[in-house]
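Chemist: Can you read through this structure? Questions will come right after.
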Ligand SMILES: O=P(O)(O)O[C@H]1O[C@H](CO)[C@@H](O)[C@H]1O
Ligand SMILES: [Mn+2]
Ligand SMILES: [Mn+2]
């Protein structure tokens, strides 16, 4: 059987337990879903994800979300082979391009030489220059920025250079120009960074600074062809919702929607589901990560999962016989864990189509690339040859 439309929803950072190589990242014991369940003390309710087998795929069920006797479809986990644990690593790997060369990251701050160029280009001084939480650093340096117009540059455990800028001090078009310039400095060979991120915010003082949805990610150009490119070349329609287009620098996508937030993302999913097409719709919902994971807020994270779960009900209802829905994640971001960085975890893999006559386990996949391999297999397209299709297991 082949499906006419495949929808893949990436719940950004919704990991399901430490990966076998978590020790290399200092992430042993991390478990995003498990620790959210614990924080809710049995009150987490995810009826639709539960029906799909969200706890069946785990060794230990999420508190409040028991495993079910007969899941709707197929369930499993995927292990990441990429060198990093950022969104880019996860999504590129899903699309057959694992990031095997570690990218640069700067736990001690960026080299002076690099910052001097950004200061020269922008005519602004630079403050910050260290790993930090984005909300904490604007609390700390935002008022200084209001007074001086200095740029706030910071990083994290990921390969990222982030520029926080008050929208009324450094207007968006200026911020975006500075970020584009910074991007041009970190495309290798000397410095290779996964992402430059514009982080605009508004507010009058440190107690009310709020980041806006005008965030923009400038990713490294994919270093090779991805499954998206192969699909597109073979006239299979490709649609990106949320930050998918940013992550692939627009490559391999026929149609693109940006999200204001998760619910807006689900509106886009509903909109695309109402269209008739033959192809692949790749969705990223980032609020889990940016609003709750990095903020180490398990209650907010759980609420965002419950909100998603409600919207999932409509998606499940509207799926057609020849549609396939895949739900997964790109890395962990355990809100019960130390620090504020992503966590190296395995990710859930849930597969459902109303045409399925059976259910069962897809096991633990050796790489996220199995997802892209399955999509290519379905549309009969030759691609990167990374990953192993599980299409024939879905019956
Ligand atoms: O703390 P904020 O600014 O949300 O930053 C986070 O967002 C980046 C991209 O996900 C991560 O690398 C982490 O630094
Ligand atoms: Mn991510
Ligand atoms: Mn993140």
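Using the three backbone atoms N, Cα and C, a Cβ is placed for every residue, glycine included.
I grabbed these lines from TrEMBL:
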{"type": "DOMAIN", "residues": "4-382", "note": "domain 'Metalloenzyme'"}
{"type": "BINDING", "residues": "12, 330, 331", "note": "Mn(2+) 1 binding site"}
{"type": "BINDING", "residues": "289, 294, 342", "note": "Mn(2+) 2 binding site"}
Chemist: Using a 6 Å cut-off on Cβ distance, which of the binding-site residues 12, 330, 342 come close to any atom of ligand 1?
Modeler: none
Chemist: Over the domain 'Metalloenzyme' (4-382), what does the predicted model average in pLDDT?
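Modeler: Taking every residue of the domain 'Metalloenzyme' (4-382) together, the mean pLDDT is 97.
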Chemist: If you measure from the Cα of residue 331 (Mn(2+) 1 binding site), which of the binding-site residues 289, 294, 342 is the nearest?
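Modeler: Among 289, 294, 342, 342.
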Chemist: Taking the centroid of the Cβ atoms of 289, 294, 342 as the Mn(2+) 2 site, which other residues of that chain lie with their Cβ within 8 Å of it, listed in sequence order?
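Modeler: Residues close to the Mn(2+) 2 site, other than 289, 294, 342: 12, 13, 290, 293, 331, 333, 340, 341.
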Chemist: Any of the binding-site residues 12, 289, 330, 331 with a C-beta atom under 6 A from ligand 3? Give them in order, or none.
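Modeler: Cβ < 6 Å from ligand 3, in sequence order: 289.
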Chemist: Tell me the Cβ contacts of residue 294 (Mn(2+) 2 binding site) under 8 Å, same chain only and six or more apart in sequence, or just say none.
Modeler: 133, 134, 156, 333, 340, 341
Chemist: Taking 12, 289, 330 as the binding-site residues to compare, which has the smallest set of other Cβ atoms within 10 Å?
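Modeler: Result for the binding-site residues 12, 289, 330: minimum number of other Cβ atoms within 10 Å at 12.
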Chemist: Among 12, 294, 342, which binding-site residues lie by ligand 2, judged by Cβ under 6 Å to any atom?
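Modeler: Near ligand 2, sequence order: 12.
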Chemist: Quick one: Cα separation, residue 12 (Mn(2+) 1 binding site) versus residue 342 (Mn(2+) 2 binding site), in Å?
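Modeler: Approximately 10 Å lies between the Cα of residue 12 (Mn(2+) 1 binding site) and that of residue 342 (Mn(2+) 2 binding site).
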Chemist: To the nearest whole angstrom, state the Cα distance for the pair residue 342 (Mn(2+) 2 binding site) and residue 330 (Mn(2+) 1 binding site).
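Modeler: Between the Cα atoms of residue 342 (Mn(2+) 2 binding site) and residue 330 (Mn(2+) 1 binding site), the distance comes to 10 Å.
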Chemist: Rounded to the nearest angstrom, how far is the Cα of residue 330 (Mn(2+) 1 binding site) from the Cα of residue 289 (Mn(2+) 2 binding site)?
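Modeler: For residue 289 (Mn(2+) 2 binding site) versus residue 330 (Mn(2+) 1 binding site), the Cα atoms are 10 Å apart.
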Chemist: Whose Cβ lies within 8 Å of the mean position of the Cβ atoms of 12, 330, 331, the Mn(2+) 1 site, other than those residues?
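Modeler: Here the nearby residues are 10, 11, 13, 14, 15, 86, 87, 90, 91, 284, 289, 329, 332, 333, 342, 347.
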